[in-house]
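Feature list (source: Swiss-Prot):
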type	residues	note
BINDING	H23, S40, Y112, V113, N114, S129, H199, P200, E201, T216	iminosuccinate binding site
BINDING	C86, C173, C260	[4Fe-4S] cluster binding site
Amino acid sequence: MLNQLQRDILRLKKEKNAIILAHNYQSREIQEIADFKGDSLELCIEASRIEGKDIVVFCGVDFMAETAYILNPDKKILIPDRGAECPMAHMLSAEDVRMARKRYPDAAVVLYVNTLAEAKAEADILCTSANAVRVVESLDEDLVLFGPDRNLAWYVQEHTDKTIIPIPEEGHCYVHKMFTAGDVMAAKEKYPEAELLIHPECDPEVQELADHILSTGGMLRRVLESDAESFIIGTEVDMTTRISLESDKKTIPLLEEAICENMKLHTLEKVKNSLINEEFVVTVPDEIARRARRAVERMIRVSE
């Protein structure tokens, strides 16, 4: 049963001819009013297919809303709280990428979508945690500059013969850095029958203990397709909420404290105000958007 605030949002969404996109880490009440929920890759693909809407309300962090604009420069892209920034996306600047290219002129540059538009514009192609290995394998170059998440870079290196150089050396997601091998061992001892699903932004010693290393979208598919009845979820805590909307199987957060405070800045009240006032508008300068779009679209072609 939707509450009054949720019903108000659905009414406003119809009046404004808007669509609401939400990342899997959003709260239950926001996931319940979203037109589409997904991981970074799924949201990129969905954003590239939007037709017949004037406004896109993006319940995610800054780089996600920027990507929606890059793919839809003719639409008004709104983010309910403009303070919703991804710390990892701010760990790699466009200048950092240019300097790395000068140092390794024969390398391809693969950037995680978790980067700001200015950095994306310097990339040859983008990737997400769902398609990173496939993207790297699609390249002719044997040397790949990969950033900004060093743990995802490690994961890719484990699954390719190419040489992966992380840029910067210590880029990371603060939420996934919370998980330790000790947390995993304790959870497996407490829930021995549960499958352990781990995100590739986790540290290598955590990944090595996983039953499956998956993006959040991959985690949802695994739960739906597996014969197992319980799962330990090694990513942001509200991924268990996302799964619960699709499945009655038992999901246990690896850490209850694994909360992305940046994602949680969005609330129903802010979504409502975003629609009423058409705020906060997200744009990207034309030349940066053009160059970044090329890298985004190349990724989407590899993924489809």
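Even glycines carry a Cβ here, placed using N, Cα and C.
Recorded features from Swiss-Prot, shown on the structure.
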residue: H23; record: iminosuccinate binding site; DSSP class: strand
residue: C86; record: [4Fe-4S] cluster binding site; DSSP class: coil
residue: Y112; record: iminosuccinate binding site; DSSP class: strand
residue: C173; record: [4Fe-4S] cluster binding site; DSSP class: coil
residue: H199; record: iminosuccinate binding site; DSSP class: coil
residue: C260; record: [4Fe-4S] cluster binding site; DSSP class: coil
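Using a 10 Å Cα-Cα cut-off from C173 ([4Fe-4S] cluster binding site), none of the binding-site residues among H23, Y112, H199 qualify.
Same-chain residues with CB within 8 A of the center of the C86, C173, C260 CB atoms, the [4Fe-4S] cluster site residues themselves not counted, are Y25, V61, P87, M88, N114, Y174, V175, H176, E236, N262, M263. Taking the Cβ of C86 ([4Fe-4S] cluster binding site) as reference, residues of its chain lying under 8 Å away and at least six apart in sequence are, in sequence order, V61, D62, F63, N114, N262. Counting only same-chain residues six or more apart in sequence, the Cβ atoms lying under 8 angstroms from the Cβ of Y112 (iminosuccinate binding site) belong to L126, C127, T128, S129, A132, F146, G147, P148, D149, L152. Of the recorded residues, C260 ([4Fe-4S] cluster binding site) and H23 (iminosuccinate binding site) place their C-alpha atoms 12 Å from one another. If you draw a 10 Å sphere around the CB of N114 (iminosuccinate binding site), it holds 29 other CB atoms from the protein chains shown.
The binding-site residues listed here are H23, C260; among them, H23 has the most other Cβ atoms within 10 Å of its own Cβ.
Its Cβ placed at the centre, H199 (iminosuccinate binding site) has 30 other Cβ atoms within 10 Å.
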